[in-house]
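> Pulled these features from Swiss-Prot for this protein:
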{"type": "BINDING", "residues": "Glu176, Arg220, Ser370, Arg374", "note": "L-aspartate binding site"}
{"type": "BINDING", "residues": "Arg220, Ala221, Glu222, Arg228, His229, Leu230, Glu367, Gly415, Cys416, Glu417, Arg418", "note": "ATP binding site"}
{"type": "BINDING", "residues": "Glu367, Ser370", "note": "Mg(2+) 2 binding site"}
{"type": "BINDING", "residues": "Glu367", "note": "Mg(2+) 3 binding site"}
{"type": "REGION", "residues": "198-201", "note": "region 'Aspartate'"}
{"type": "SITE", "residues": "Pro91", "note": "site 'Important for tRNA non-discrimination'"}
Amino acid sequence: MSLAKLRTHYTADVKPEKVDNGQKITLAGWVHEVRDLGGICFVVLRDREGKAQVTLVKKKIDKELFDAARRLVRESVISVTGSVKFEEKAPNGYELLPEEITVLNVANSPLPMDTTGKVEAELDTRLDSRFIDLRRAETTAVFKIRHQALQATREYFVQNGFIETATPKVVATATEGGTALFPITYFDREAFLNQSPQLFKQILMSGGFDRVFEIGPIFRAEEHDTRRHLNEATSIDVEVSFADHFDVMEILENLVAYVYAQVIEKCKPSLETLGIELKVPKTPFLKLTYNEVIEIINARSEEKMHWGDDLGTFGEHIVGNYVYETTGESHYFIIDWPTEIKPFYAMPYEDRPEYSKSFDMMHRTMELSSGAQRIHIPDLLKSRIESQGLNPEGFEFYLKAFEYGMPPHAGWGMGCERFIMTMLGTENIRDTVLFPRDRRRLSP
């Protein structure tokens, strides 16, 4: 059977400006609900774009068709051909008066979980039966928004002269020298799943690519088991030649504002489904120095932060709330971090080398992005690698790119899932991933 016979329209396509009253159409999807009232039967058909009411009046329709509709099993796959009747009280403002209902696949009963929203399910239950959970309107809405956010991200980069790249995910050495790596067997050698495209982005700067971005998977073998950590995630990465950290911060904040604006414009039904009202963040974002952050935390907490400490969850909450209370905005930057707590490739200030030209972009109580101007001077880079207890020989492929004309450059990486999580106010980062991989979950 051809696609044209199974479906001519999505449910959301049936509008007075597109479809005539009485026009014959074919919808296809899942049986969301069956309401049998004796003399009348309502079948709610659900597809990717929404729901449509199929109305069968016993006295006006073939008995065999009426009885078949009453027997439909929830979540079975059907195709319905009939005539459109615009009706204000019906879902989406119309109902379909069927001439033919074809059952394409019958669902087992009972279902592993409810899809109507009448019965709540725990996240683990939903993830165990993800194929059913993805049929829920709220779940679908999240991934439609994620799709639009990534599409807008690509649009923004292309409009601003970036080249999209794809770097290796199987590597011979750690990107940042950490131990949080997944080892794999690569024929007769040990290899790792890449934790960041960082080193390859910088090599591309030596290659003259000038402005690059990548949207791809990263892998972190960290044993965190929290609502905001994943072991496989999607990273949005940027690298720009002839730029410093302030230049790429501007690119980042403008990207965030652009994506929000596009989601607001193009995802109205999904935002309504989730009950969310977004506003475009104001740019430029507030910039706080690391030292200012220490002062803010220590003035508001008995638990003190000392120079050289990372921010920590408690500090993120204090500073994020301070920024929101004073500016009404959620996004902000923390700049000028101590050199020793940033990766080896972060450029130190010439006049105060204990500080680096680095930044984190925050959203209230969560880090979304980390970036810096990079070291482009070979001797300094090698020295920084050694100072962090790493062997430069393991980075030979990377260091060579700096010996034959590396321009000054800067960049950042941002976690896609955290970006979506904070945009939508999602409680758990796993809600923003189709099939999340965390410390405890490897299936489905």
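Glycine residues also receive a Cβ, built from the backbone N, Cα and C atoms like all the rest.
Give me the lay of the land around each of these features.
DSSP classifies Arg374 (L-aspartate binding site) as strand under the three-state reduction. Long-range Cβ contacts of Arg374 (L-aspartate binding site) within its own chain (separation 6+, distance under 8 Å): Gln202, Glu239, Tyr345, Ala346, Met347, His409, Ala410, Gly411.
Taking Cβ-Cβ distances under 8 Å and a sequence gap of 6 or more within the same chain, the neighbours of Cys416 (ATP binding site) are Arg146, Ala149, Leu150, Ile215, Ala233, Thr234, Ser235, Ile236, Thr432.
Its Cβ taken as reference, Ser370 (L-aspartate binding site) is surrounded by 19 other Cβ atoms within 10 Å in the chains shown.
DSSP gives Glu367 (ATP binding site) a strand state. In sequence order, Leu311, Glu316, Asp360, Met361, Arg418 are the residues of the chain that are 6 or more apart from Glu367 (ATP binding site) and have a CB within less than 8 Å of its CB.
With a cut-off of 8 Å between Cβ atoms, the residues of this chain six or more beyond the region 'Aspartate' (198-201) that come close are 165, 167-168, 175-176, 212, 214, 237-239, 343, 345, 395, 398, 411, 413.
Close to Pro91 (site 'Important for tRNA non-discrimination') in the fold, though at least 6 residues off in sequence, lie Val44, Gly50, Lys51, Ala52, Gln53, each with a CB less than 8 Å from its CB.
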> I'd like the number of other C-beta atoms within 10 A of the C-beta of Glu222 (ATP binding site), please.
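16, counting other Cβ atoms within 10 Å of Glu222 (ATP binding site).
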> Highest CB neighbour count within 10 A among the binding-site residues Arg220, His229, Arg418?
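That would be Arg418, with the most Cβ atoms nearby.
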> Summarise the region 'Aspartate' (198-201) by DSSP state, stating how many residues are helix, strand and coil.
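So the region 'Aspartate' (198-201) is made up of 4 helix, 0 strand, 0 coil.
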> Just report the maximum Cα pair distance in Å for the recorded ATP binders Arg220, Ala221, Glu222, Arg228, His229, Leu230, Glu367, Gly415, Cys416, Glu417, Arg418, no decimals.
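The widest Cα-Cα gap among those binding residues is 19 Å.
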